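Annotation source TrEMBL lists domain 'Deacetylase sirtuin-type' at 1-243. For H121, the entry in TrEMBL reads active site, proton acceptor. Residues or ranges marked as Zn(2+) binding site by TrEMBL: C129, C132, C150, C153.
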Amino acid sequence: MNLDLVTNYIRESKHLVCLVGNKLQEECGVPRLRVQEVAYEVESKYGYSPEEILSSVFFVTRPEMFYKYYRDVILSNQGEPSDSYYALAELERKGKVKAIITRNIFGLPTRAGCKNVIELHGSVYRNQCIHCKKDYSIEDLKKSTKVPTCDVCKSIIRPSIRLYGDMVDNGVMTRSVDAIEQADVLLALELDLNSSGYEQTFHDFAGGKIILLKSQPHFLDEKADLVLYGQVKELLPEIVKAL
Ligand SMILES: [Zn+2]
């Protein structure tokens, strides 16, 4: 069966790279911001859509409202890593994962113990003064009441996440491209092959096998070498155990 085939591919792989889709964070109790009901609720409360508020322009022009939303919505629930993430960390400890690439901003792989994590969109756990670059913790932002400012230079503190309108961080992009180029197996968790932000990755990756683990079928799934349907939090621990 396919589970045995996946296990074999992983066992024989020399450089497996894992791509984590944002949908996987639903297992962890984090709602996706672009889901329509969430967006509607935000818009009726704040008068702006999540995309408008979480933009670099909005951060500069309306920092008070940005931070009200950021504290109330984004920092109110970072979720807890699900069994999928712990299985991924175990896979990495076994030496079978070289890099984990994610657009998740809640640090879920890292919190589960993963080491080589490439966070394409940054993390809510990293925050910096925009001027002197002093680091601040997520707790510093949570306990702030207005716009959080640096205790050294009084400049505004910015979460190190990619806001709409931000350029992609070049260093992070390079690490990601390098990892993909060296990969012989791409293990994609809850990702569609045309998933925005990753379509170029799949297009560039010609050297090996693509394995998809996902709950919902998609018409492009047939382009992958192997697909396993089901809950990733059940499939991945089973695969790791069988290795
Ligand atoms: Zn500062």
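Glycine too: its Cβ is placed from the backbone N, Cα and C atoms.
Automated prediction, rather than curation, is the source of TrEMBL annotations.
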Any of the recorded positions H121, C150, C153 with a C-beta atom under 6 A from ligand 1? Give them in order, or none.
C150, C153
What is the pLDDT of the domain 'Deacetylase sirtuin-type' (1-243) when averaged and given as a whole number?
92
Would you identify the secondary structure of H121 (active site, proton acceptor) according to DSSP, in three states?
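Note: H121 (active site, proton acceptor) is coil by DSSP, not helix or strand.
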Work out how many Å separate C153 (Zn(2+) binding site) and H121 (active site, proton acceptor) at their Cα atoms, rounded off.
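H121 (active site, proton acceptor) has its Cα 26 Å from the Cα of C153 (Zn(2+) binding site).
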Name the residues of the same chain, 6+ apart in sequence, whose Cβ is under 8 Å from the Cβ of C129 (Zn(2+) binding site)?
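The answer is Y136, C150, V152, C153, S155, I156, I157, R158.
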In sequence order, which residues at least six apart in the same chain have a CB under 8 Å from the CB of the residue listed as 'active site, proton acceptor'?
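In sequence order, the residues whose Cβ lies under 8 Å from that of the residue listed as 'active site, proton acceptor' (at least 6 apart) are R103, N104, I105, I161, R162.
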Give the sequence-ordered list of residues that share a chain with C132 (Zn(2+) binding site), lie 6 or more positions from it, and have CB atoms under 8 Å from its CB.
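In sequence order, C150, V152, C153, S155 meet the Cβ cut-off.
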Can you tell which of C150, C153 has the least company, meaning the fewest other C-beta atoms within 10 angstroms of its C-beta, among these binding-site residues?
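Sparsest of the binding-site residues C150, C153 by Cβ contacts within 10 Å: C153.
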